[in-house]
Each structure stands twice: as C-alpha cells, then as structure tokens.
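Read the structure below first, then the notes.
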Amino acid sequence: MEREPKRIREGYLVKKGSMFNTWKPMWVVLLDDGIEFYKKKIDNSPKGMIPLKGSSIHSPCQDFGKRMFVFKLTTAKQQDHFFQAAYLEERDAWVRDIKKAIQCIEGGQRFARKSTRKSIRLPETINLSALYLSMKDSDKGIKELKLEKDKKVFNHCFTGSCVIDWLVSSNAIRNRKEGLMLASSLLNEGYLQPAGDTSKNAAEGLTDTPFLDLPDAYYYFADSGFFCEGNSSDDDVILKEEFRGTVVKQGCLLKQGHRRKNWKVRKFVLREDPAYLHYYDPAGGEDPLGAIHLRGCVVTAVEDAKKHDVDTNLFEIITANEVHYFLQAATPVERTEWIKAIQVVSRTGK
C-alpha cells in the first residue's frame, strides 16, 4: 500500500511561469517528496508538481534583481523553478523546510522535526495536537502580543515564561521542569516556532534545553500571523498599527488607477474579519471609493518602480482573482510595514 505524502508547509507564493516571464500567485504545498502548486487554495488538482529527489535549492536568488525574497529550486533534470515570498522570514522558512526535505530523501529518512516524542520522553497520554488547539483558544489560551527587543518588533508572539505559566495554570503539568519538557516537544514537533536570536539559539542546541522559560525568549504559533519588523533607529516610529475594533492599520498611500494609470493619494484603512483594504478620498467623506479583498492575496515589494512612473517604495497586491494593485509608500520602512500587515490579514482574515 502506497504511503500518503506528508504535508510539511503550505501557503501562497508568487511563482514564475516556466515559459514566459510572468509571475502569478499560487497556492504552494510542500510535501516530503515534492512541491505541488495550485491556482487557488480551494482547487483539488494541482497545476504542476516538482519532484524533490535530486533537486537543489538556492537562496537568496539574485537572478531577478528587481524582485525581493526569491528562491530557486533546480530539479535533477536541471529545470529551474522560481518562487517569491512576501518577506524575509517567510522565504527563509520555506527554504529551510525544502532543504530538510531534500536531505531526508537523500538519507532515506522520513521528514520530522528535530526530535520525537520518545527522545523527549513524554507520556503517551499527552495529545500535542489537542494541547496546541487549547493554547490557541481565543478566550482561555495564550495571548499573542506585540513585543519589542533590540530595536525589533515581534508581532503575534509570546514569551517562553508565558507558555510555562499557561501550562501550569491549565494543569497540563505538575511543575515548571515538566513544562520545559512539554514545551520543548511542542517546539521540536513544529507547533511552536522561535522568534529572535535568544530562542533560535536554544532551538539550535546552543543551550541546555531547546525551549527557554525566560521572559526575553520569544515564540509564536506555527500557523499564526507572526512577523518581525526590524532594525529601526530610535527615531523611527514602527509601532504605527492602530487597533480600534477591526482596524489593523491606516494611512495615506499613492494608488495607481486601473484605467488611466494615473497616481492619486488615497487614505487606506486595513481591516480584518473580513479582510479588506478600503480606500477613501483623503479630503473627507465617510464612504470608501473602493475596496481590495485581501483573503488569499499575495503582496510583494516592487523594485522596478520607474516602469510605473514612480521613483521608489512601490509594492503590489495580487488578489485571489488575479487583480493587480500598485501602491506607493512614503518610505522603505512604511512600505515594509504595509506589506507585513497585509500579509497577516490575508492569512487570518475572512
């Protein structure tokens, strides 16, 4: 009986066409033996499949200087496939898992996270999947926060101490030592992910335990909207998101018209549940001029801005229906903030 391929990672990426220099959003699924890509997430049949056996991956890929966060997968038959992520952390996560999948194929092993239940010595009665769902409960679970450290802002994350506190309060463990064991297993099985150098160094084996019961060790849920805004100066204001009801972010951007291709200043309001980016006349008016549905969209930075009659800080939103929107921010930092905020809403909103 043939074994069902294991799903390792999935999500929207922008993929370059094999025959023409066109880039389109695809729902990409990484299996332990290959990569499938679909036109839409709801599709049952993939548009194509890339076998991983004998393949190699290259990142960062500089073949397309105007496109950021691109990686290249070269198959055993020397066919090149190019994918573009929305931001650095997303690209690195895809590359890390694809590399590991290739290594497992070469070594004749099954893809698994760093350790197993046996190595952690957890009781068989503990259901990690059920525990993970309880941790994510919106009312009784671990609260996702926005935390700042070393001039970086970590969105949708929590501390190692918060995890152990929650495990103790929920009676999942008897003491904090058992909590470290259980949290380490959640980390090693991929339910929790490290955010920041402190927790990443521990996960890579540079400390006594892979998980840290510390207030400055940050983690996030594997399927959350985590993103990191990084390395600003003290003068930069990077905590610009306003959380009023369902409003996530708002501000003025330049928007290119679809018909005349002219650029106009619009006030944008980013909302979740449902996931929409509404735009208004900045001079006033309560009713929006239009809206962009963000669920399942792909958003990327565009470096070839002069092609669109602007200088810099351009980014593009490609909706699930393949409608393209071009927007320009005032600064590189602002562009990064908008891209990451839209990426989060596109994943978590409806």
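The backbone N, Cα and C atoms fix where each Cβ goes, glycine too.
Copied over from TrEMBL:
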DOMAIN    6-103  domain 'PH'
DOMAIN    138-223  domain 'DEP'
DOMAIN    246-347  domain 'PH'
(request) Would you report the average pLDDT that the model assigns to the domain 'PH' (246-347)? (result) 82
(message) DSSP-wise, what's the residue breakdown of the domain 'DEP' (138-223) into helix, strand and coil?
(response) 30 helix, 21 strand, 35 coil
